[in-house]
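Notes follow the structure.
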Amino acid sequence: MAPTVFNTDAVGDPGRVGSIPIRLRRDSTRTPPRGSPASGRGRAAVTDPRRRVPRTDTLLADPRLAAAARRLGPGLVRRAVTEAQERVRRGELAPESAADAAAGALPPAATTLVPVLNATGVVIHTNLGRAPLSTAAREALLAAAGPTDVEFDLAAGGRARRGRGALAALAEAVPEAGAVHLTNNNAAALVLAATVLAQGRDIVLSRGEMVEIGDGFRLPDLLRSTGARLREVGTTNRTHLADYRDALGPETGCVLKIHPSNFTTTGFVSAVPVAQLATLGVPVVHDIGSGLLRPHPALPGEPDAATSLADGADLVTASADKLLGGPQAGLLLGHRELVERLARHPLARALRVDKLTLAALEATLRGPATPVEQALTACPDRLAARADALAATLRGEGVDAQAQPGQARVGGGGAPEAVLPSAVVALPAALALPLRAGRPALVGRVHGDRLLLDLRTVPEADDGALLDAVRAVARPAPPART
């Protein structure tokens, strides 16, 4: 006889334990309830790791992830946690390893930019951010990151001239200039000059200097965008002073001379120097491009601001993040009256630089030799000795490495014909991709079946980091256990 089981739910008199008898029949063949340990499905639910994805709040409470959320921001940490959870669901990751995976996937900083060791042999590599900043400039960036007296006179307790320290440093570096001004890059400097001098008027320039500056941007298009008209003179290979003189008229705003810094023309060529253009009686603007402030012994053919101003240019424009070795900025140096007109124009407000640029530029101008200068003047014999030592160390660890002579370039649109003797460490070309995937990334240049790491663009202080990067991808695997 089946036993009688009393329902203990509150059916009937709530004061009694239960009053409705329910008869249940024992059946040994009955299927256990879903999810019970006795069922196959329940056992699968217990053992299937996809059913045991760690809770988000549990992972976020991990001390490493909690600290990272305070340092990097919660968004990056949550994305890393979500990715780890998805890997658990796909069966690629054990549930107990989710926190480790999320912590390991976090970037060292809250940016997608990756630090790079530049071993390309191109001193000013445009795709790698142009000039690397000096230690002095980096420290100045940190000092200026918080509230600072960028536009405040601490002694008087009132407003002060913005960026006065950087402007004073630039003026001291080029005393030939009556005044100086800054924009956010050299293209902006040209736009400001063209707007002030030639909006609705003519800019006279040589056909041989109508250059494309990179990424598809062409200076003629940039200049026309200001409302100026371009009056082209001469031919691609030859332009004479008479060509400029014949183009002058009442609608002339300025004569513009552009240094074609990323290419050269040779053979039957002729160009008019600034000293001759200065005799025409109209404002002469000289875009020297790469930002050399004074003549450099390693770059004898590169124009510089001091010489151009001494030769009679009314205004010189240049980049700060090339040969000068500073942050991105446009430099304008010239006659005081003209520079003050530029600084007062409404467009100057739209093109002004921020406090970080001002801080880094002043430190670049006042500080020690920049990494660019150090790379340009590095001793070839010392480079060869470093290459020999690095290659020997790697060979001793089983890596195919040889030291070889090399040739470096200035880059950054400066001195395109200059060749800088250098030394390289040659590795198998197959290492190029894994080295670029490292942190920091190590970027060289591939020549044939070899990857060349050019030491002229690697500071000697980074030799250890270079070795570590190569070891991480090239060290032979340990022998298999038998």
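Every residue, even glycine, has its Cβ placed from backbone N, Cα and C.
Residues annotated as domain 'L-seryl-tRNA selenium transferase N-terminal' in TrEMBL: 50-89. Positions annotated as N6-(pyridoxal phosphate)lysine by TrEMBL: LYS322. Marked as region 'Disordered' by TrEMBL: 1-57.
Regional average pLDDT for the domain 'L-seryl-tRNA selenium transferase N-terminal' (50-89) in the model is 93.
Within the same chain, the residues at least 6 positions away from the residue listed as 'N6-(pyridoxal phosphate)lysine' whose Cβ sits under 8 Å from its Cβ are ILE124, ARG130, ALA131, GLY289, SER290, GLY291, VAL372, GLY412, GLY413, GLY414, listed in sequence order. Residues of the domain 'L-seryl-tRNA selenium transferase N-terminal' (50-89) grouped by DSSP class, helix first, strand second and coil last, total 34 helix, 0 strand, 6 coil.
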